[in-house]
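What follows is a short report on a single structure.
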Amino acid sequence: MQFIFSRTTITAVATQGRYGSSDWLSSYLLMFSDTGHNWKQYRQEDSIGSFPGNSNADSVVQYKLQQPAIARFLRLIPLDWNPSGRIGLRLETYGCPYTSDVVSLDGGSSGLVYRLSPVPRRASREAISLKFKTLRNSGTLLHADGEGALGLSLELERGKLLLKLNSGRISSSEPRLLASLGSLLDDQHWHHVAVERRSSHLNLTVDKHTERVQMPAEFSHWDIHSQKPEVSKRNFHGCLENLLFNELNLIDLAKHKDHHVTVGNVTFSCAESLSVAVTFPGPQSFLQLPGAAGASSSEGVSVGFQFRTWNKAGLLLTFELPQEGGVVWLYLSEARLRLQIHKAGRALLELTRGSALNDGQWHAVELNSRRGHVTIAVDEEGGGVAHASHSVTTGNHLFFGGKKDSQECKNPFNIFQGCMRLLSVDNQPVDLMKVQQRLLGNYSHLQIDMCGIIDRCSPSRCEHGGRCSQSWTGFHCNCSESGYSGATCHSSVYQQSCEAYKHNGNTSGHFYIDVDGSGPIKPQLVYCNMTEENTWMVIQHNNTELTRVRPSPGVNQHSVQFDYSTEEEQLLAAISQSEHCEQELSYHCKKSQGSPFSWWLGGPGPGLVQTYWGGAHPGSQQCVCGLQGDCVDPQHYCNCDADRMDWAEDSGLLTHEESLPVRSLVLGDIQRPGSEAAYRVGPLRCHGDENFWNAAFFDKETSYLHFPTFHGELSADISFLFKTTASSGVFLENLGIKDFIRIELSSSTRVLFSFDVGNGPLEVRVDSSVPLNDNRWHRVRAERNVKEASLRLDELPVATQEAPADGHFHLQLNSQLFIGGTASRQKGFRGCIRSLQLNGVTLDLEERAKITPGVRAGCPGHCSSYGSLCQNQGRCVERDNSFHCDCGLSAYTGVFCHTEVSASFKSETSVSYTFKENPYELSRNSSSLPSSIYSDMTLRGENVTLSFRTNQSPALLLYVSSYYREYLALLINKHGEEAFILKGSRLCFQVLWGMTKMDLYREGKDSIM
């Protein structure tokens, strides 16, 4: 059904069934056109093609268009209707008349030049806007000159719009690319472009996508006020509409011959060349045309066409050879054009031409065969020509894009999905409108008079630098080397802190940390020191060594800059996320005073001037000795201020995060004879992760926390840890009018992730083989993007659910975000939730829990989950927001008691421990202080564990004696065998065995092994 009206901005459509009947549409497509040809399908959200219709004949269903359509022709294509009736429709459109001024440019000498007044009025905002349509994929749309021979240009290149900055001072200098937007802009449809200047940045808009561009610093003096918008006289071939400069209609001025506008060979109408395209959308699509007729058919064949596609493979053309009994196949393989001639199952001839032909651009193909010579050509100039000696003639039919399979002939190649145009046979153009009217040839499942190609990579849905590639039906993100994973490279593969790496069981080393997870800050490489009780993140800079400074002629100050191994936003985010940060600052001096001659800069950006030194307080202008009152000269607050000929030192730790990191250091008193100084600025060290332990305890099913609406329209990732003894409960819920997102423990062994973005509810579930209500920490990671949804529980395999290929993908929520419960206060969660992050942002559960009844801040009991990390009899000790491995009863040390405590013994050396002193000996020698580590205990047994390695025998490994004249000896005899000897008042025996690690246990006076 087609409707014609004056050019209108259409904002909404409404449908209704036939009055008093059972006839109505339940689903349909909308197509628009300005000319009655070259139709374009209207798509919501760049994906949804179909519109929901009616469910009865009387109700009115209105659909507002997210982007208004400007057109003279509207086509409604029914997709589905009431199965008990027929197609019935009452249609109403909403909008307003659209008026415009148009100019047509021929790509040669035509153009417009607008010159500003000699003294233009300065403005804080200036803008250029226009609409254009063209069939050519390259050409300069507009050029604007500025001061100092600088200029901006808008250029089409391979169907994309580029914003370039030109410097005319050097004729050979290449323009600087500022932005690239849009794709497939050579589709002969109107496209809107706007360039807006606001102070030091530009906003470039192409259709509905905008990119903000920061003007380069070297062009900061450029003044757009003295520019002149100029349509290029060189390349662009097409039409411009409503060309505005600061709301001034330049085309209207040209029509009225305004003296500011120079006009060259233009027409004030849009003369469009008719180019009818055809779309091959699926496996059943083909176009059948009659072959060459008459005498020319026996002399050879000449077939030409243009195509565009994203697929690497597909059949373009096939026909039979009536005389030879063979078949000609012209197809794409690995994005190259191949010609094969088959006969009796074998290839008689094969030619290959072109490359990268799946780039979405139009490519021209010519197949010619004359006088026993066959030639294929691609894109004339760029594609090249391949030829061979072979005679080719056509049969009765030519098949484009595919062929209906039969028993006699099946398509051995992939189907073609793409567009074709400008078809010709024997140099005669094919009228595709006659094909559509069934007056010429035959076809199946084609879309004639439109090209339905979509660029799914513009704008790219791949995040964090992922590389986008596509086919006709979908796109793929290559996330390698990006540091992110998932269908759209959304989720970071790295932990967010050294603390998180530690609790995964890692030991000290270099690690990439991503402080904001899926956020915009890139991962950074740091060193994680896990040898101490606190886990330290260490960020190096370019000079952490003690550096000496001596006087230099003519140099009054020595200044040094410190460049860190991470970028600015990474550095500041790491500091703000940590519980404590510090940096050592040492100043060594010899006849070289500190304040006021020396200072340092620290904090964000270039840093602020700081006049206090390590260990002191900001603004105090002191050193640590001044605070403690122990400076070498009590009249000064720093050792170096005493100005002595001896070396002195002012050293300490800087711990105020607002002043970190140290950016630069200035030493001023170094020019006097005899003056010397040295400095050391250590690496930045931080420990603790305020996000990792942020937790809340929900003690009732009706308790919950609420936060502002979660905004994850296109990509949403949610991660948290939980522990509970309950068998079910909702962790998180956020609702919209129809859309929602929810994560819940649906049973004691199942976590369920459900959501709806307009295509109906979808669920992703993960089942565990062990109960999840075991009061141990479990980690949940859920992600939803335009391609798929995924859910991961602990280290179980990831469960995924693909998104509909042609469905809604914007998640639209408007209610509050509920944590630990739902809006209906049903199915609430009882237990602990920790480290909850949404799109890389940690929600402060503890702060919100402090003011919420029924919820407590924090959650103890970490040893039940992390106690297994304490190895070798290390004991897990609870803390408020972490745990600690106590290695006091273990022969191991380290953060997880994993580093063995060992010693190397030379001949005739030993180590002695006194476990229980002889009371008689103590009374005789009061100067002998007891060294007993069990001096206040009475033990009923002892455990001894040891490992050894030696090449000596005999050798004594262990000897234990008591004042009761009992002893225990562990030795290696002369045969290299281990021996255990124990002598007591009633017991003496010896045992031999062949172990290299042993455990001994003694209880009372009897011993067992």
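Heads up, the Cβ atoms here are built off N, Cα and C, so glycines get one too.
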Let me make sure I read this right: TrEMBL says Cys859 forms a disulphide bond with another cysteine. Which one, out of Cys832, Cys885, Cys887?
Cys832
Out of Cys832, Cys859, which of the disulfide-bonded residues has the smallest number of neighbouring Cβ atoms within 10 Å?
Cys832
Within the same chain, the residues 6 or more beyond the ends of the domain 'EGF-like' (860-898) and with Cβ under 8 Å of it are 499, 502-503, 505, 507, 530-533, 535, 693, 695, 723, 775-777, 832, 945-946
Within-chain partners of the domain 'EGF-like' (453-490) [C-beta distance under 8 Å, separation at least 6 from its ends]:
43, 46, 160, 181-184, 209, 279, 281, 308-312, 360, 417-419, 512, 514, 518, 522-523, 714-715, 717, 783, 785-788, 790, 805
Which residue counts does DSSP give the domain 'EGF-like' (453-490) for helix, strand and coil?
0 helix, 10 strand, 28 coil
